[in-house]
Amino acid sequence: DQDLLLAAAYVSDAQYNRNVPFETSPQAIRLYHFYNHWTMRAATYFFIWVDLALALFEEPAVFPLPFLVTSIAEVLCLTAFFGRLVHFAKVTPQKVFWKDTKNICVMVTIVLTLIDLVIYASLEAVNIRGVRWSRALRPVFLINFPESRQIRRAFRSIRNTLPDILYVFLLFLFSMMIFSLMALKLFGDRGLRTVEGSPYFTNVLDIAFELYVLVTTANSPDVMMPAYELNWWYSLYFITYIIINTYLFMSVFLAVVYNNYRKHLKNEIHTLAYLKRHKMTEAFNILKVKVGTAFVVKEARWRQLVKVVAPDISSSHLELLLRISDEGQTGHVDKMNFLRLTDLLNIRVVAINIKRHPLETWMPRVYQSSTSLLVQKMVQHRIFVWVYDVIILINTIFIALDEKDSLISYAEWLFLSLYIIEILLKLYTYEPRAYFGRNQFWNWFDTLIIIAALLATVANTTIQARKYNSQQILDIVLILRILRLLRVIVSIQRFRVIVTTLINIGPTMLTFGGLVLVVYYAFAIIGMEAFHGKVHFLDPGSGSPDALVCGNPALKDSAFARGRYCKNNFNDLASSLILLTELTVVNQWHNILSEERVFALLADGFALVTHQAAKLYFIGFHVVVVILIVNIFIAFILEAFFVAYSLEKSEVETAIEKKIQELGVGVQEEEVQDGGLIDHMDTKDSGFSADDGDNRKKALKGLYFRIASKKYKTVDTLLQQMFESEIAPEGKDPSLEEILNFSPKKPNYDNSA
């Protein structure tokens, strides 16, 4: 049924917010369904990560492999990328494919990588060291394939935000240069010197660099001390500079970044929301039939569509969604309810099967005895939780004490026994499969912490008995013991709310993690090519004179070498990423690259062993990551946290819950205490009965429903929730041309609808 497959493609795109124009021929539709299959997406990501990981095995390598091996692996990855691109070209109109910048970027990167491989291999053949410049382009594959739309959206929003940020940044640079010229006139001719004897503030570029470092407060108050010692009035110059540039301009940066990023993100989300409705309208127009004066989709057709879009949906869940979409039991779904289908499918409805405890089946008399019921009642009471909260607090005190004391050692076993008893009592009270259900995160968390503590205590006792002396094993044991204190999170409700909120925004944070990874990876590759082998770490205990100068005589008597920064190098990918992380943290970042110590420019670091232009690399990284991306990350996470923390149920969720309660098969989330109900989708269920009351419940065979926890909201759902109040209601959608004008990027939709 080609119409059904075409409608399903539109609905699936709307459900997952895919914005891919595709051909509507039968063959193209089948290829498009295959293109979106999870195995194809997983294979694409596998090759992307293999391609990125090759930097660990290429020179300079963490785990060296021959060039032939890494080059063959890279060619295989490029072949997979090209195959994915060809597949995409088969399902999209040629006109659209060749106008899409993503496809051009992927093709150009493949060609450039192959050219670089041939040139590098040729140079290697004649023993000439080449530069693998194309490795910095590898993140292009992560960004530009359709699967990475979240990262691409973040990049687009940053790109659109840049013009407004640029004006603030230029104003900041202007302010910094004004203060640099003032410093040159105030201090340049006074013969001041730093502690190390270097001239103080005699070069305007050196002054500008020091003042830029001062914005990060990394060289405060050292940078002002020579002037301050001359006259305390000069401190007012530095205080004024810090107030204007550190506090005022950096705050304005955050405000401008937040305001503009949010504005452009809102336009992106508006575009997604309206395009989703547009796709659903197209699907409706394909399947609609006329009943009376209105166009509708027949119930049988609606069922077929849902089974194609969500093949794993259970019959009971499908019937629940049908009851919501066809409230009047008319045998068809109208347009307004049809357009809500993707929202219904995106809301996770948990089917719960209330089962008897195995002990109740095996030993009914014992399990239902007065003593057993008393134990169950005690475990379910709030006082039981309070008692174990007190035990955890006491355990915290004992962990902080000296474990070599025999009393403390025995106490560890006592606390561990109490925790094991707690788990056993809960498994006795609650059905075990329910307690360890798929969605019972906190029960799994609690149990795994106890198992880790048990392993740590047993290992610690064994080590002490055999007088084993491995510091690494001891470190692991101590960490596992301390992790037991994380049970406090389980015990205190407000802690759980905050952690659940963080889990809510976790996918969003991962999106920015991908964004940071792209930037880090590109800068790491550039750093390895520019600074590889300039600094080496040698064990100071080896007696080698090179150990004192980080393997480079240019660093003799430098602050870089004296500060033992030798491990901060670009000799492999791991070291490069660690160094860039240190730069992101900001503190002492200038020591890594500069020429003189904090009083002027450090006579140290990569600028000393290469060229003064090395500073531009580090300043560029600081501007891109710390000033731009970190500020955007903070702004977005603040917004997302506020939304997730105070998240209200959407209108569609409310409609589902209302229907669940009307059908008499509802379970409120607060009723599901400590895993008392098991999460079980019964796909063999025959569905809802047409009768009311008891017949309906019998047809359900014990299945009850509730909306899943808020932590299952997707990134797109969370983003849409942020701007939901500003999206026009259904029936008032703008035209397709107006929708595309929301976004700076206007894809060609010829032959797509």
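Don't overthink the numbers, they just go from 1 along the chain as shown.
Placed from the backbone N, Cα and C atoms, the Cβ positions cover glycine too.
What TrEMBL says about a protein is an automatic prediction, not a curated fact.
Sequence annotations record features per position, and here TrEMBL assigns domain 'Ion transport' to 34-263 (among others).
Annotated domain 'Ion transport' per TrEMBL: 381-646 (among others), in sequence order.
Per TrEMBL, the feature region 'Disordered' maps to 729-753.
Under the heading transmembrane segment, TrEMBL lists 38-57 (among others).
For 63-83 (among others), the entry in TrEMBL reads transmembrane segment. Sequence-distant contacts of the transmembrane segment (63-83), counting only residues of its own chain at least 6 positions beyond either end whose CB sits under 8 Å from a CB of the stretch, comprise 43-44, 47-48, 50-51, 54, 56-57, 106, 110, 113-114, 117, 120-121, 124, 141, 145.
Under the heading transmembrane segment, TrEMBL lists 104-123 (among others).
Taken from TrEMBL, the feature transmembrane segment covers 165-188 (among others).
Among the features that TrEMBL reports, transmembrane segment is placed at 200-218 (among others).
Taken from TrEMBL, the feature transmembrane segment applies to 238-258 (among others). Packing against the transmembrane segment (238-258) from elsewhere in the chain are residues 161, 164-165, 168-169, 171-172, 175-176, 179, 211, 214-215, 217, 220-221, 223-224, 227-228, 627-628, 631-632, 634-635, 638-639: each is 6 or more residues past its ends and has a CB under 8 Å from a CB in it.
The transmembrane segment annotation in TrEMBL covers 383-401 (among others).
Counting same-chain residues at least six beyond the ends of the transmembrane segment (407-429), those with a Cβ under 8 angstroms from any Cβ of the stretch are 359, 375-376, 379-380, 388, 391, 394-395, 398, 401, 435, 443, 446-447, 450, 453-454, 457, 461, 481, 484, 487, 674. Look at TrEMBL and you will find 407-429 (among others) tagged as transmembrane segment.
Residues or ranges marked as transmembrane segment by TrEMBL: 441-460 (among others).
What TrEMBL records for 502-523 (among others) is transmembrane segment.
As annotated by TrEMBL, transmembrane segment applies to 616-642 (among others).
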